[in-house]
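Asker: I am attaching a structure below and will ask some questions about it afterwards.
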Protein chains: 2
Amino acid sequence: MHWLDNVAWNEDGLIPAIAQDAASGRVLMVAWMNREALQLTAARQTATYWSRSRNKLWHKGEESGHVQVVKEIRLDCDGDVVILQVEQQGGIACHTGRESCFYRVLAQEGDAPQWEIRDAVLKDPTHIYSKGSGHE
Amino acid sequence: MHWLDNVAWNEDGLIPAIAQDAASGRVLMVAWMNREALQLTAARQTATYWSRSRNKLWHKGEESGHVQVVKEIRLDCDGDVVILQVEQQGGIACHTGRESCFYRVLAQEGDAPQWEIRDAVLKDPTHIYSKGSGHE
């Protein structure tokens, strides 16, 4: 069986892909992949996702330079999620200029929980994305 | 704004939730949550998911005993994925009896890549699930 046929693509032909820093173990981001994105990721050993907002392949770092060098790809038991162990070039995965997209923590403030920003912006996003698109 | 309204639920009212071992950093599993599952997870500090196959709330460990004690909940930049830092009771998250659901690695074998099982079964699943349902 072809390895791409072992993947349980959803009704849109996509699966979530987690990028985890291979050295620190920090989860950096989650994006989506279609068959071609996963095939390219494995072939080039750099992460390529499928942008659902722009409806096209997204070679991570193509604009920002924040390429993800892929050290390992794993598939889960149901075959519907992959996880990449990556070396994050530039140390920034998030379009907000932070290391990780998961920079908000659920914290108890007064009576009710709130999402609290805990991580610093390492680089001003306007200096990351020359074309000002935000999401590469 | 209510913290649950900051979450960008998909068209089915769900988001993916990653469970990561708080001590080792190993990503254990990915499941889905609806609003009630996330609310219960935060309130009880043990992980509750939404089972898409059984169409009901799934308090992780309810049958297996493999409860996930939640130490932290984070939300990503787009608000459409959460990550839980957990203490995995019993050291087994996967219904196959393995520590993590991500036990298959993409490996080059001969001409073509294949998914190769790398992690051991720690406990026979027939001894985990008394009712034989497999997925709790």
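For all residues, glycine too, the Cβ spot is worked out from N, Cα and C.
Annotations in TrEMBL come from automatic prediction, not curation.
According to TrEMBL, the feature Mg(2+) binding site maps to A:Asp76, A:Asp78, A:Asp80. Sequence annotations record features per position, and here TrEMBL assigns Zn(2+) binding site to A:Cys77, A:Cys94, A:Cys101. Residues annotated as domain 'Phosphoribosyl-AMP cyclohydrolase' in TrEMBL: A:29-103.
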Asker: Of all the binding-site residues here, A:Asp76, A:Asp78, A:Asp80, which one's CB has the most other CB atoms within 10 A?
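Answerer: Buried the deepest by this measure is A:Asp76.
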Asker: What's the CA-CA gap between A:Asp80 (Mg(2+) binding site) and A:Cys101 (Zn(2+) binding site) in angstrom, rounded?
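Answerer: Their Cα atoms are separated by 21 Å.
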Asker: Select the most exposed residue of A:Cys77, A:Cys94, A:Cys101, where exposure means the fewest other Cβ atoms within 10 Å, treating these as the binding-site residues.
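Answerer: Fewest other Cβ atoms within 10 Å, among the binding-site residues A:Cys77, A:Cys94, A:Cys101, is found for A:Cys77.
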Asker: By DSSP, how many residues in the domain 'Phosphoribosyl-AMP cyclohydrolase' (A:29-103) are helix, how many strand, and how many coil?
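Answerer: Per-class counts: 13 helix, 29 strand, 33 coil.
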